[in-house]
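S.K.: Quick one: the structure is below, and I'll ask about it shortly.
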Amino acid sequence: MTTPALLPLSGRRIPTLSPGASSFPHHRATLRLSEKFILLLILSAFITLCFGAFFFLPDNSKHKRFDLGLEDVLIPHIDSPKEGKHASGQVVIHGQGGHDEHRHREEEESLRDKIRADHERALQEAKEKLRKSREELQAEIQTEKNKVMEDLKKKDAGPKPLPPVPMPKVVGVSDGEPPEPDAKEKRDKIREMMKHAWDSYRQYGWGHNELKPLAKKGHSTNIFGNSQLGATIVDALDTLYIMGLHEEFKDGQEWIEQNLDFGVNAEVSVFEVNIRFIGGLLAAYYLSGQEVFKLKAVQLAEKLLPAFNTPTGIPWAMVNLKSGVGRNWGWASAGSSILAEFGTLHMEFVHLTYLTGNPAYYQKVMHIRKLLAKMDRPNGLYPNYLNPRTGRWGQHHTSVGGLGDSFYEYLLKAWLMSDKTDTEARKTYDDAIEAIERHLIRKSNGGLTFIGEWKNGHLERKMGHLACFAGGMFALGADGSPDDKAGHYLQLGAEIAHTCHESYDRTVLKLGPEAFKFDSGLEAVAVRQNEKYYILRPEVIETYWYMWRFTHDPKYRQWGWEAAQAIDKYCRVSGGFSGVKDVYSSNPTYDDVQQSFFLAETLKYLYLLFSSDDLMPFESWVFNTEAHPLPVLHLGNITLPGSEPAQR
């Protein structure tokens, strides 16, 4: 999901040819241009050789003066008996002026002969070219062109075939029709909303990263660089598949096969591209079995690896896909990397090592974990900023919302995805949650449990929409908690879900603001104008779904349906779905962006909320922070390349 300084702010969170345009000019024009070019090339070579002969052929009189200079100036300095080192047995040049002059003349003659030979060869080639007919020249040009094209094809051939690995058992990837007619009707409505969002993008923004549904054209942000990478297509694929929209899925697959190119000169967010593209492509591969998705995921992953070339191994926030040059966001604390970005790679990178046999991916993320384990943590909390050059924390700001959130989520999910064998990840998660509960979680005067933000030694009583995912995380991590605290964490998840529902319920539109406060008599309400917007975010609905799965309390479906109705009423436009700028206004202004995560997460979680539990069961699937499901790796006695069995 991205960082709060950017839209689409998810704390967990470009130049191409136009369709149909040819990359070559008209054939005959090319040949005429090429002939002229070759003739000019021949003439320029001839002139260059003439000038070279005039200026660079040695002149005897000058050369003799140069020799004299060497003997009179250099030789005395290096061969004087006073400076020589006879005692050490080193050779000393002494009194060999005549011999050197003879040697120089031989070298001079050899140089002249070589230049003459090169000159004559070039002249001969030029004459031969001039004697050739137009047809022969055309044939030569075509041969050269074919050679260039072959070289380009070899260069773009992509990686070697990946080694065969056992496909994890894939269960519960379709149907999931609920037994309740009411739930089925609501689920059908969610599918219709997905179809409207996809069809609008297909019509007005196809191939662009996102859609401007009011302007009815493509849209992109700096997290994707300047390239049209089809982010919405990749992000939406698994939702389409799960909903049974297979024709739409096929359209997306065809676009990816024919157009998705990561060899572009674009600077992208490592975090966003990992969770949306690598996560989305891997999920599409596991759901459909189509190899193209796996191959594209690996091609992209290889482009991200240079981001880890830092003094500490903590990756840069951004990397240029073509050059491999990385850097951090200018606004981040003293050039720091961000916890929720470098800490949200583990799930995807473990699967990359599993599928490719390349240990680099696993080793990169395990290095990050080991480095963090060695560091001091103020009050047991992880600050949001870490400098990749020095390995030191930036400003001491800790959040379970933007900048921090998915780091904690991925600790828990690394354990779940490993079939609960990665006990190191589980222990790190438990310790982090204990510190969060001690220092960040409070109850308001009105009895609402909230998660504040720790800033330089004090608690800010404000909670972001992004932090609302934590209710679902606490519920998901309840089973396996230390000291028999499963019931406690399930209850904590329920309390966070209630607070976040209140943040929706206390608005005019019944949609939640970006952030809400708990002081000055105001609770679960946004105060600042720049915190009153809703950009189709999924976190509250995500928590409703997890709480429904673990409790089957009907209120979670009711709350989810309220949110779905509000989105359909206030965010739906003829060209798709748009965010709104003020959820407290009965006449809201649209932001005119249909975020890719709306299709990847918000609509997927709503659909799953009204599906039966056998669709994407938790025993078999773990969802990444962009709601892309990755299968649990029941590795048994298999050890991932690059891992140590003792760690598992």
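Residue positions begin at 1 at the first shown residue.
Cβ coordinates are placed from backbone N, Cα and C, and glycine is handled just like the others.
TrEMBL: automatically predicted annotations, no manual curation.
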S.K.: Pick from 143-186, 363-406: which range does TrEMBL record as region 'Disordered'?
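M.R.: Region 'Disordered', as annotated by TrEMBL, spans 143-186.
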S.K.: State which of the following active-site residues has the fewest other Cβ atoms within 10 Å around its Cβ: E272, D405, E514, E539.
M.R.: E514
S.K.: Taking only the Cα atoms, work out how far E539 (active site) lies from T625 (Ca(2+) binding site), in Å, as a whole number.
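M.R.: On Cα coordinates alone, these residues lie 10 Å apart.
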S.K.: C500 (disulfide bond) has how many other Cβ neighbours within 10 Å of its own Cβ?
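M.R.: Neighbour count, Cβ to Cβ under the 10 Å cut-off: 29.
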S.K.: Between the Cα atoms of T625 (Ca(2+) binding site) and D405 (active site), what distance do you get, rounded to the nearest Å?
M.R.: 10
S.K.: Given E272 (active site, proton donor) and D405 (active site), what distance in Å do their CA atoms have, once rounded to a whole number?
M.R.: 14
S.K.: What's the CA to CA span in angstrom from D405 (active site) over to C468 (disulfide bond)?
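M.R.: For D405 (active site) versus C468 (disulfide bond), the Cα atoms are 10 Å apart.
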S.K.: Validating a neighbour-count step here. Other CB atoms within 10 A of the CB of T625 (Ca(2+) binding site): how many?
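M.R.: Around the Cβ of T625 (Ca(2+) binding site), 29 other Cβ atoms lie within 10 Å.
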